[in-house]
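Participant: After the structure tokens below, expect a handful of questions from me.
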Amino acid sequence: MTEASPDDAAPPATRCGFVALIGAPNVGKSTLVNALVGSKVTIVSRKVQTTRALIRGIVVENNAQIILVDTPGIFAPKRRLDRAMVSIAWSGAHDADLVCVLLDAREGLDAEADAILTKLADVAHPKILVINKIDLVAREKLLALAKAANDRMAFAQTFMIAALSGDGVDDLRTTLASMVPPGPFHYPEDQMSDAPIRHLAAEITREKIFQKLHQELPYRSTVETESWTERNDKSVRIEQTIYVERESQRKIVLGKAGATIKSIGADARKEIAEIIEQPVHLFLFVKVRENWGEDPDRYREMGLEFPTE
Ligand SMILES: Nc1nc2c(ncn2[C@@H]2O[C@H](COP(=O)(O)OP(=O)(O)OP(=O)(O)O)[C@@H](O)[C@H]2O)c(=O)[nH]1
């Protein structure tokens, strides 16, 4: 009879860690989170700075749980809201086990990328260079960019990917899984995102406002889920408020005879219903709140600290 070695009895070794994605606005962080997770967890938009709060995607790969911290694009902060976004981005980088630095293959080491690399010198965690949007540039240019970035800063690894098509994303996922530290999973295995579903539903409505209104306005609006009621027939009644800063903006969101808000609501309802796999009744209200950008409560709702400076 052979005796079982202690190893046979031990559970399989797991790994778990936080990976911060850092990069200039529009570099493709949200697209990458979605590609790594394999399901839509954060909103993606052609406009810059759509990601306000710290939304995580969670990936399980080869006995490892990778918790992705999708930070807002880093940029020179002027308004209070912008400063809150920048400060949360950097706290994400310092708290994470690994940092993925994203560069846009087309933009290369432009002023924004350069500022990020300078700031990253203070972050002690291993850094991985991810050059995204490789579908848009020639191979020689990519190699030159990889070299220039590595000359500038020591990266543990360099990846060239196209987050949109998924090219190179599997390799990156496998590498991240091997690099996060050993430890138990922080979240149940089937969880994709810890963004509360109410928050995700508000993000979806905000995404629809972006899509319908191609102007400055969406940056001046915020959406909150006020109530979420499960009904006996398995449907959900959701009430959301869209805050804008001025009456003129409220009129734009409503549209002629309410046409714009109706169409925003119809699109948002459909997508929320698909995600929660339940019928949804969505009620949208538009309220004017002057200077909501200076109201601490609105920040709390978005999961941001209110900067006091
Ligand atoms: N051609 C191409 N476009 C991409 C790729 N990845 C992302 N994009 C596009 O780049 C734009 C910005 O992507 P996002 O994922 O919203 O960028 P982000 O960095 O999260 O932006 P912020 O939230 O504003 O910081 C979108 O139009 C994407 O479709 C890629 O691999 N190739």
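Cβ atoms are placed via backbone N, Cα and C, with glycine included.
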Participant: Of the ranges 23-30, 215-222, 287-294, which one does TrEMBL flag as region 'G1'?
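Facilitator: Range annotated as region 'G1' by TrEMBL: 23-30.
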Participant: Examine the ranges 132-135, 244-247, 268-271, 276-279 and name the one recorded by TrEMBL as region 'G4'.
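Facilitator: Feature region 'G4' in TrEMBL: residues 132-135.
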Participant: Including all protein chains displayed, how many Cβ atoms other than that of I134 (GTP binding site) lie within 10 Å of its Cβ?
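Facilitator: Within a 10 Å radius of the Cβ of I134 (GTP binding site) lie 21 other Cβ atoms.
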Participant: I'd like the Cβ neighbour count for G23 (GTP binding site), meaning other Cβ atoms within 10 Å of its Cβ, all protein chains included.
Facilitator: 23
Participant: Near the Cβ of N26 (GTP binding site), how many other Cβ atoms are there if near means within 10 Å?
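Facilitator: Result for N26 (GTP binding site): 19 neighbouring Cβ atoms inside 10 Å.
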